[in-house]
Amino acid sequence: MSETTSTNEEKKLPLDWRRAVPPNNSNDEENEVPEMEAFGLIPRGFNPRDYLRVEDIYMFKEPHEINKKEHHTDKYYNPKLIVRRGQSFQIQIYFNRPYKPETDQFWLEYLMGRYPQQNKGTYIPILVGNVLKPGQWGAKIIHRENNSIRLTIMSSTTCIIGKFRLYVAVLTPFGILRTRRNSATDTYILFNPWCHLDAVYLDDEKEREEYVLNDVGIVFHGNVEDIKSRSWSYGQFEENILDACLFLMDKAELELSGRGNPIKICRVASAVINSRDDNGVIAGSWNNTYDYGVAPSAWTGSVDILLEYYSSKQPVRYGQCWVFAGVFNTFLRCLGIPARLITNYSSAHDNNANLRLDFFLDDEGKVDTRLTKDSVWNYHCWNEAWMTRPDLPVGFGGWQVVDGTPQETSDGMYRCGPASVQAIKHGHVCFQFDAPFVYAEVNSDIFYTKMEKNGTQVVESVDTTHVGQLIVTKEVGGDRMMDITAEYKFREGSDEERLALETAVMYGVKKQGIQDTTYQPQTDVEMDFQAQKAVLGNDFKVTITIRNKSRNSYTATTYLSGNIVFYTGVTKTEFKKHSFSAKLEPSSSSSFDIVIKSSEYMSDLLEQASFHFFVTARINETGKILAVQKAIVLEIPTLRIKTKGELVAGKEMSVIVEFTNPLKQTLENVTLRLEGPGVLRTIKKQFGRIPMNSTLTWEVKCIPMRPGSRKLIASLSCDALRHVYGELNVQIQKP
C-alpha cells in the first residue's frame, strides 16, 4: 500500500521527504497541459494562427474501421480508440494548411495520470520519423493529401496498460502550440497476446479466441463423482467494464509505471477482487445468510458486480469462490491477459500448510468436529493467467495460478499468486508467489487420527489420493470439460510424483511423516461406500460394502455419520446417525443399505445441497479402524429457456423462462435473473410465491445487438432453493 492511504489532511500535501513527485497511481486524474508553452517573452504581433495548426484528429475508432479490427478490440462497447501494445495503428491529422516537412515540425504526446514523467512511461513524446522499429514507440507518415496527413503509430511492447490522453504539439519560433484537451482522442492501450514480443504472447489463435475474446465461460462445480456445470457471463466487452477494470488498479493503488507488468497486475488484482483488508470488489459469505445482498449462487455473470462496484465504490455482497474467479477472469481478459477459470475437486484448505489434513476420531471412531480444523472443499475455483516470468528461472512461464478468494494472507494481505503451474508440478515451491499454498491444495494427504484418553495421537488411516484428484477447465472452442490434472501433478504413486514431493519438502513445504510407529493399517479388510443418484426432495439409498480378504472371521462395528455441509467441507449439522454390527465371513464381501429420507435433510439443507458422509468401521478382533468419506450433491431442478420470434440483430425477440417447483413446499420470495452478452443486459424479477408442482413462466422482450453465436443464462434464487440455472445457445442472424 502506498503512503496516500492516510487522512484527508495529508492528501492535500502528498509530497514527502522520500520522493520529489507525489505517487502517481490514478489513471483517472489529469494535469493541466498548456496550449501555448512559451520559450520566453513573446514578441508583440505574434499570432499563433500564422503557424501550422491542428484543426481535427480522426482516430479510426469505429468497430468496423481498421484499428479496432486489426487489434481485435472491435467487440468493446466503447466509443474511444482501443489498441493493443506493440502493434501499429493509424490516425489522420487535419491541419489549417498543407504540411511542409522542410519547415514544419510537430510531434505527438501521450500522457497518463496527474504527474506524467518520461522515465516512468507516463509521458510519451513521439517524433515523426521514416522507419518504425518493432516494439518501440514511433510514428511515420504514410499518406499526405491536401491539408491532411495519415500517420501509422507503433507503441512499445512494454508500454503501460490504461487510458492515455493524446496531444499534438507544433513547434513555433516562440513556443510550443498544443491541441486543446479533447477526450474524444483518448486512447486505451491493452496487453497484446498476438504480439510475440509481449509478455502475454500466446501462439495459438484458437486459444487466443477462447482465453481473451470469449465473453462467456463455464464453471464446473458439484463434486468429483457428480460434476455439475453452469455458464458464467464474463462480459469483458460490455459498456463501462474496461473503465471499471482500470479503476480496480487505481483502487489497489498500483503505481502507473508498474501497469505494464502482468505479474504486478495479477498480484494486486488478486487482493482487490476480495473485500478483506482493502474494501475490494466482492464481500465473501460462507454461512448461508445473505442479508442486504445477493446470494452467491444467484449471480449469472461479472458485469453487474463490476458496474455496481465502479459506481458505489463499496464491496458488492456476496461471493464465493466461483464468483471471485468469474470476476477475476473478466478483469484479466478485459485487459488482454489470457485467462481461464479452473476447478480443483477435493481441494485441501490446509490451515498450516503441512501437506497433511487431520481428521480426528473419538473413541467410537466418529469424527470429532471440535478438534478437526482442516477441511476438504468439494471443489475450489481459481484462475490461471498466461505470461512470461522473467523474475523466475527459465521454464516457469506460461500458466500461473492466481486466486482472488480470501483464504490465507500472503505478504500481509488476502491474495494468492501468481504461482507457476510448472513449478507446482515439479515441487519447486520456492519460487514466488504462494506456491506452497497451491501445492498443498492439490497434494495434501488426509490423516485419520484417534485421540487416546491419555492425549496421545494414533494414526488409524491415511488417504493419499483423495485431495486434488481432478483439476479441470472448459475446453477451447466448446463447452465440454478438459482434464488438466496432469499439468499440476504427476500420476499418483509414480516415481516423478515422489520426486516432486521430496523437492517441495526440500524447498520448505512441511511434510509430517508418520513418525508414529503405532500406524499399522488393517490391510486384509477393505471398505467402500456408494450412493445412488440423489434428487432434491426425494429419499435415496447409500450402500456400505466391506470385503474381508483374509481367512479369518471378523466382526465390525460400523458407524455412519451424515452431515449437511457447506461446499467448503465445513459441517453445519449432523442429520443422520446410524450404527450397526456386521459379521464378516472369510474371503467374502458384505453390503449394507441405509435409506436417507428427505424428511431427515430438507429442513437444514444449504444452498449447494451438499452432503458429506463419514463411515468408520472398527474391526473388533484387532481394534483397527477403517475410514472413508464421500461428498454427495443432490440433483437440483433446472430452468427451461426458449425464444420466440426471429433471432435477428436489431429486431425485437422474446425470451421465455419456465420453472416447475418440484419440492413438497411453496417457494417464497423468488428472484429470477436473465442475461446474455450481446443479446440483453441483466434483468431481474421478483415472484412472491410458487406453490408445489406449479409452473412459473416469465417472458422478456429484447433487441439483440450483435449477430453470431450467443448464450442466454438464467438463475433462480430463494431461501429454500438455490443454484437453479438454465441456459440456451442462440444464433443471432445478421440483419
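Glycine is no exception: its Cβ is also placed from the backbone N, Cα and C atoms.
Annotated region 'Disordered' per TrEMBL: 1-33, in sequence order.
TrEMBL lists 8-19 with the feature compositional bias 'Basic and acidic residues'.
Taking DSSP states H, G and I as helix and E and B as strand, the domain 'Transglutaminase-like' (313-406) has 15 helix, 41 strand, 38 coil. TrEMBL lists 313-406 with the feature domain 'Transglutaminase-like'.
The active site annotation in TrEMBL covers C321 (among others). Cβ contacts within 10 Å of C321 (active site), excluding its own Cβ and spanning all protein chains shown: 27.
Taking the Cβ of H380 (active site) as reference, residues of its chain lying under 8 Å away and at least six apart in sequence are, in sequence order, C321, T343, N344, S347, H349, T405, E441. As annotated by TrEMBL, active site applies to H380 (among others).
Residues or ranges marked as active site in TrEMBL: D403 (among others). Within the same chain, the residues at least 6 positions away from D403 (active site) whose Cβ sits under 8 Å from its Cβ are S270, F324, A325, W382, N383, R415, C416, G417, V438, listed in sequence order.
Taken from TrEMBL, the feature Ca(2+) binding site applies to N443, D445, E492, E497. In sequence order, K489, F490, R491 constitute the residues six or more apart from E497 (Ca(2+) binding site) in its chain with CB-CB distances below 8 Å.
Cβ neighbour count for D445 (Ca(2+) binding site): 19 (other Cβ atoms within 10 Å of its Cβ, all protein chains included).
One way to see the shell of the Ca(2+) site is to take the Cβ centroid of N443, D445, E492, E497; the remaining same-chain residues with a Cβ within 8 Å of it are T464, T465, V467, G468, K489, G493, L501. Around E492 (Ca(2+) binding site), the C-beta neighbours below 8 angstroms that are at least 6 residues distant in the chain are T464, T465. Sequence-distant contacts of N443 (Ca(2+) binding site), defined as residues of its own chain at least six apart whose C-beta falls under 8 angstroms from its C-beta, comprise A348, L355, V467, G468, K489, L501, A504.
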